[in-house]
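Report on one structure; see the data block that follows.
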Amino acid sequence: MREESRSRKRKHIPVDIEEVEVRSKYFKKNERTVELVKENKINKDLQNYGGVNIDWIKALKPIEYFEWIESRTCDDPRTWGRPITKEEMINDSGAKVPESFLPIYNRVRLMRSKVKTPVDAMGCSMIPVLVSNKCGIPSEKVDPKNFRLQFLIGTMLSAQTRDERMAQAALNITEYCLNTLKIAEGITLDGLLKIDEPVLANLIRCVSFYTRKANFIKRTAQLLVDNFDSDIPYDIEGILSLPGVGPKMGYLTLQKGWGLIAGICVDVHVHRLCKMWNWVDPIKCKTAEHTRKELQVWLPHSLWYEINTVLVGFGQLICMARGKRCDLCLANDVCNARNEKLIESSKFHQLEDKEDIEKVYSHWLDTVTNGITTERHKKK
């Protein structure tokens with residue numbers, strides 16, 4: 001998967017809106033007033049953000065465990081309809097928040113509260129439960145340790161792969177474990193160790209780099225047994241020691257596996273949008289890791305988890321890398337990267353009655369929910 005504004009009048013829907021220094025050729029000293037986040041300090045101060053008791057989590061029963069994870073990493077779109085206030089944007093570093101953040105982000109959250117996107121239906125966080133349910137394994141029967149493993153495998157499969165294909169690959173492995181290996185729990189460490197690597201590669205052929213990923217998964221399974229008490233690591237160093245696992249996957253796995261919000265998960269959508277809106281330095285932030293470190297300087301910890309889900313879904317359906325729908329975007333009156341010609345020709349711009357505009361937008365929301373993302377797709 002690849003990847004100035006001028007004043008004008010138009011109709012729109014109103015919206016109420018440590019000491020390890022990061023060294024890189026892209027990050028030179030004294031070029032910005034805000035220093036990049038210090039990784040050691042974040043880990044040292046985790047208790048201030050509600051650090052977790054790993055032994056306590058391991059002892060939780062399935063229902064208790066999933067309630068705990070849900071309380072830490074809520075993906076309920078209904079919570080995104082409420083605008084974030086300036087008071088909520090206070091951060092520990094005292095760093096200045098980009099002026100465009102709240103006007104744009106509040107509108108993006110509102111849009112995300114209305115539509116269901118691929119990441120909501122088939123993203124990594126949904127895969128273990130969705131696949132288990134599809135295979136007849138009820139949520140309350142999913143062992144937390146297996147859930148954590150299945151989530152990790154899902155993230156490894158997801159690299160440079162669409163959510164739908166990743167979900168299919170996870171389903172293929174699960175069905176093989178159930179039907180061929182006769183493992184009632186689906187994907188387990190024992191099952192992954194028993195599957196021959198060529199067989200595993202064939203099961204996940206629908207994802208990109210499936211041969212390499214099969215090798216990574218086999219090696220990871222053995223490492224978890226040898227070095228991590230047959231469970232996933234609970235710190236970023238341990239997670240990153242696994243083959244094929246990078247920071248994006250690592251922080252997301254810590255979030256959904258242990259409820260530990262130790263860093264922001266920055267994928268291609270988050271990286272692209274944050275640079276486009278100048279929330280991070282678009283010149284210095286050449287990689288997702290650069291973007292993550294800059295974001296963590298000023299973004300309040302309370303938003304570290306949700307920003308990934310919010311922006312990924314927005315980037316999948318409304319502000320794609322190619323074919324942006326500025327004509328349908330509620331943030332097109334505050335966005336610095338809007339397409340003026342597209343907006344001028346839109347139905348929103350032509351309509352004079354706000355009620356009609358809301359009606360058109362509601363109809364568009366219905367089509368998106370039903371899986372149709374653009375008028376171009378409908379014509380095809």
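For all residues, glycine too, the Cβ spot is worked out from N, Cα and C.
Feature annotations, courtesy of Swiss-Prot:
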MOTIF     8-12  motif 'Nuclear localization signal'
CROSSLNK  Lys194  SUMO cross-link
DOMAIN    228-252  domain 'HhH'
BINDING   Cys319, Cys326, Cys329, Cys335  [4Fe-4S] cluster binding site
MOTIF     376-380  motif 'Nuclear localization signal'
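Across the structure, Cys329 ([4Fe-4S] cluster binding site) and the residue listed as 'SUMO cross-link' place their CA atoms 49 angstrom apart. The two recorded residues Cys335 ([4Fe-4S] cluster binding site) and the residue listed as 'SUMO cross-link' have their Cα atoms spaced 52 Å from each other. Listed in chain order, the residues near the [4Fe-4S] cluster site other than Cys319, Cys326, Cys329, Cys335 are Ile318, Lys324, Arg325, Ala331, Asn332, Ala337, Arg338, Asn339, each with its Cβ within 8 Å of the site Cβ centroid.
Shown in sequence order, Cys319, Asn332, Cys335, Arg338, Asn339, Leu342, Ile343 are the residues of the chain, 6+ apart in sequence, with a C-beta less than 8 angstroms from the C-beta of Cys326 ([4Fe-4S] cluster binding site). Around the residue listed as 'SUMO cross-link', the same-chain residues at least 6 positions away in sequence with a Cβ under 8 Å from its Cβ are Leu181.
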